[in-house]
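Feature annotation from TrEMBL assigns transmembrane segment to C:12-36, C:140-164, C:185-209, C:337-359, C:380-399, C:411-430, C:442-464, C:470-494. Taken from TrEMBL, the feature region 'Disordered' applies to C:502-538. Residues or ranges marked as compositional bias 'Low complexity' in TrEMBL: C:523-538.
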Amino acid sequence: MKGATLSTRYRLAVASRGVAAVFAGYGLATASGICLALFLPMSRSEAVLTGVMVSFLVYLCAVLWAFACRTALQAWLGIGVPALVLGGLAWLAKNGVLS
Amino acid sequence: MSLLAFGLAYAGFCGLCLAMNRHHGDVFGAPPSPRRARLLRLGGWLGVAASWAPCVAHHGITVGSVLWVGLLGAASLSLVLLLPYRPRLSVGLALGMPLGGALLLPFAG
Amino acid sequence: MKEGFRQSMAWLHTWSGLLLGWLLFAIFLTGTASYFREEIDHWMRPDRHALDARALNLEKVVASLERQAPDAPSWTLTLPDERRPVVKAFWPGGEGRRFGSATLNPATGDALDEDATRGGEFFYAFHFQLWHVSPITGRIIVGLATLSMFVALITGIVTHKKIFKDFFTLRPRKGQRSWLDGHNVSAVLSLPFHLLITFSGLVMLMHIYMPWPGLAQYGQKQRLELYSELSPRVQPIPRSGQAAPLPALEPLLERARAHWNGVAVGGLVVHNPGDANARIEVLGSDGGHVSRMAPRLVFGADGQVLEEVRSPATVATLYHTLYGLHMGRFAEPLLRWLYIVCGLSGCFMIASGLVLWVVKRAAQSAKQAKADAGLRLVRALNVGALAGLPVAMAAYLWANRLLPAGLGERAAWEVHVFFITWSLALLHPWLRPHKRAWVEQLGLGAALLGGIPLLDLACGLLSLPGGWRYADWILGGFDLACLGLGVLLGWLAWKVARHRPPAKPVRGERPAKVAPTHRARAEAAPADGLAPAREIAG
């Protein structure tokens, strides 16, 4: 990737990974933070705080994943799927389906 | 107290450092014998661990531990900065500083 | 990214570090300076130089507050200490604001001028919310920089294969190799600090960066309850409506000190002042405990102990400890200086990383013999951001002494001087050859910082320590520290000026020595199996 000319395809792939890392990664961090805050068996302030702290680590891992995996598609899937699952769980819990 | 802790940490790092072939070679011209390397490593870890005691004894366990981590950073940094320029002096200090710290101990607040 | 895990992490390290590296450097340097913000503040306010923390007279302070804020539901007082000889007071309410505040002379209770300068608060505020942008925007930008720092740190650890083997390795005067060594050493030796500062920086501003878990649990209306649950506080008590004088405060402080086995008192909160239902909450000082939460003892209007505020729960304690470690308020002078060393080594880590990018890239584009716009940009930004910021910070200090006393908005102009100087420093490298730009800016920084004692002398504000207490040394120590930093910058300028890029190395051959011979011994020591010529590209 240090070649003199970088193909447009390569640039687009990097940009796509960057978007996945920053935005989808934040989504995943948010979803996991909310799930921890709602489901951890602690007092609510403790659960929220744990959720927040872990969410920053999740964000970090998501960024690393976005650039470590083999293709940009994998970057999106690896971050998007768990984000949707956790987000769905949180939505269900908030709306009283799980309780 | 702090000087003793710093000296012990410095000496400890110096031991760990000299246990490595490259650095032992830089200072003494030859890599250490396996026995000597093991002793240096053991002494090094002991020095680093021992430097925790004066920190905690004087400042309490929480603040003392934070101070200890800071002193470890400063001690290793001074060793690393001194070693390439004055290798002999840097090793001499490893012997002198804990001694000086211990001697000054009665005068420390 | 097709090249395997380590390569992709190295790539991410390079770009996450580069993209916001200059901003990170600014955050780190102003943040490091903020460990001395009380001292900077004191230096920048000559009208407070003669004050003495030991002359505290609480009766006069209270009388002054009774004049200034008679109807306030509570007064919060921070008592003077050896770092800051003034009483800080604030209270809810006040004219058209959420809070009123005042800075008081400890001996007389007279209000002191707060608006003469932004003082050390400017660097402090800049390091987490920037300036000339709204605080929220600034904090989000700083948050992104913090995240990229976090990513760069972790990828750096992953990439750096021989983190322990290279622990003590610094090979001077070997071009790119030396920069890499310096980068590694400054990162690895203070790694606990860097990780702590980065992670706690995110956690401290969690209400902006990650409010959603709190909102999900508490809802929009009750969201502030999270923070009162995290930091247990005194339950508010309604006023009785019966006037009653406050009990004498001095004996209460004495009893709190005894109760805490000698821990000093840092401040107090008077709830319902002047009422029969008054409560006096005495707070322990910042020293002696890492957590941000000081011990607290609550007295009633009759001077009897009512309760000891409980300490927070487990995870909340972790939160307050991270917070306390980041702020370093508990640090006595030695530890405070260690904080500075760690902070400066963080600055060096960021700066050397940015320089390393240039060194590598310059070697590449020299091979390809073509103009490189990216290289030009990074070079110019490096000079303006890395050397220019200390110049701007020093200019801010000079402005504090030199701007005319009658100037309108003098405090704002000090900040303008900072930004104007920094802008000029960012422009200057485009007009000068790269090396000259470095030398000129580093030299200017050295002159400005090293000249601070002379400036004080010229203004008649040079203060020699009159004793061995910490407070005696703030002003003299500040001048000495500036002189020391000036010498450091001057040494850097001299090193850059003297630097001759080694003659084009031929593969497999040692380049001609440029170092003076008396240092040859260290240099001649055999390095490990690295082929030296290949490593010396810068």
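Cβ coordinates come from backbone N, Cα and C, glycine included.
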The transmembrane segment (C:380-399) touching the transmembrane segment (C:442-464) per 3+ Cβ pairs under 8 Å rule: yes
Go through the chain and flag residues at least 6 beyond the ends of the transmembrane segment (C:380-399) whose CB is under 8 A from any CB in it; none is fine as an answer. 22, 25-26, 29-30, 33, 43-44, 122-123, 351, 354-355, 358, 413-415, 417-419, 421-422, 425-430, 434, 437-438, 441-442, 444-445, 448-449, 452, 455, 482, 485, 489
Within this structure, do the transmembrane segment (C:12-36) and the transmembrane segment (C:337-359) have 3 or more Cβ pairs under 8 angstroms, counting pairs 6 or more apart in sequence? yes
Counting Cβ pairs closer than 8 Å, which of C:12-36, C:411-430, C:470-494 has the most of them with the transmembrane segment (C:140-164)? C:12-36
